[in-house]
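Novice: Feature annotation from TrEMBL assigns GTP binding site to G24, L25, D26, N27, A28, G29, K30, T31, G70. According to TrEMBL, the feature Mg(2+) binding site maps to T31, T48.
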Amino acid sequence: MGLLSSLRRLYRSQADEARILFLGLDNAGKTTILKLLADGDIQTVTPTQGFHIQSLIYEGFRLNVWDIGGQRAIRPYWRNYFETTDALVYVFDCADRHRLKESGTCSH
């Protein structure tokens, strides 16, 4: 897992916990990716309203993943989650060409 290795190098220690923020437009696949990582069951994925926190353990490293809803009304609040975040994963739906430009403007 490249993200985990990068986090350990960044902190130059064997820290055992990190907070990761998942952002992206609504319907980009953030929750689906998180569910695949957590338990592999993507049969019952529903849109995230507000936020959802999922803790994952990987090689003894605890990843506290914050899956933030991507609805237009929620996006102005994304910045409130940055302060204590160790890593940011921004999810693009490359198959949705009509929303790529919108997604690019949200990532600034």
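Even glycines carry a Cβ here, placed using N, Cα and C.
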Novice: Which residues, in sequence order, are found in the same chain with Cβ within 8 Å of the centroid defined by the Cβ atoms of G24, L25, D26, N27, A28, G29, K30, T31, G70 at the GTP site, excluding those residues themselves?
Specialist: V91, D93
Novice: How big is the gap, in Å, between the Cα of G24 (GTP binding site) and that of T48 (Mg(2+) binding site), rounded to a whole number?
Specialist: 11
Novice: Quick one: pull the CA-CA distance for K30 (GTP binding site) versus T48 (Mg(2+) binding site), whole Å only.
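Specialist: Per the Cα atoms, K30 (GTP binding site) and T48 (Mg(2+) binding site) stand 9 Å apart.
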Novice: How far is it from D26 (GTP binding site) to T48 (Mg(2+) binding site), counting Cα to Cα, in Å?
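Specialist: Cα of D26 (GTP binding site) to Cα of T48 (Mg(2+) binding site) measures 8 Å after rounding.
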Novice: Are there any residues in the same chain, six or more apart in sequence, whose C-beta is under 8 angstroms from the C-beta of T48 (Mg(2+) binding site), and if so which?
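Specialist: Residues satisfying the criterion: K30, T31, D67, I68, G69, G70.
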Novice: How big is the GTP site in terms of the longest C-alpha to C-alpha distance among G24, L25, D26, N27, A28, G29, K30, T31, G70, in angstrom?
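Specialist: This binding site's residues have a maximal Cα-Cα distance of 11 Å.
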Novice: Ranked by the number of other Cβ atoms within 10 Å of their own Cβ, which of the binding-site residues G24, D26 ranks first?
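Specialist: For the binding-site residues G24, D26, the Cβ with the most other Cβ atoms within 10 Å is G24.
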Novice: I'd like the number of other C-beta atoms within 10 A of the C-beta of T31 (Mg(2+) binding site), please.
Specialist: 22
Novice: So how many other Cβ atoms are close to K30 (GTP binding site), meaning within 10 Å of its Cβ?
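Specialist: For K30 (GTP binding site), the count of other Cβ atoms within 10 Å is 27.
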Novice: According to DSSP, does K30 (GTP binding site) fall in a helix, a strand, or coil?
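Specialist: K30 (GTP binding site) sits in a helix per DSSP.
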Novice: For the binding-site residues A28, G70, which one has the sparsest Cβ surroundings, going by other Cβ atoms within 10 Å?
Specialist: A28
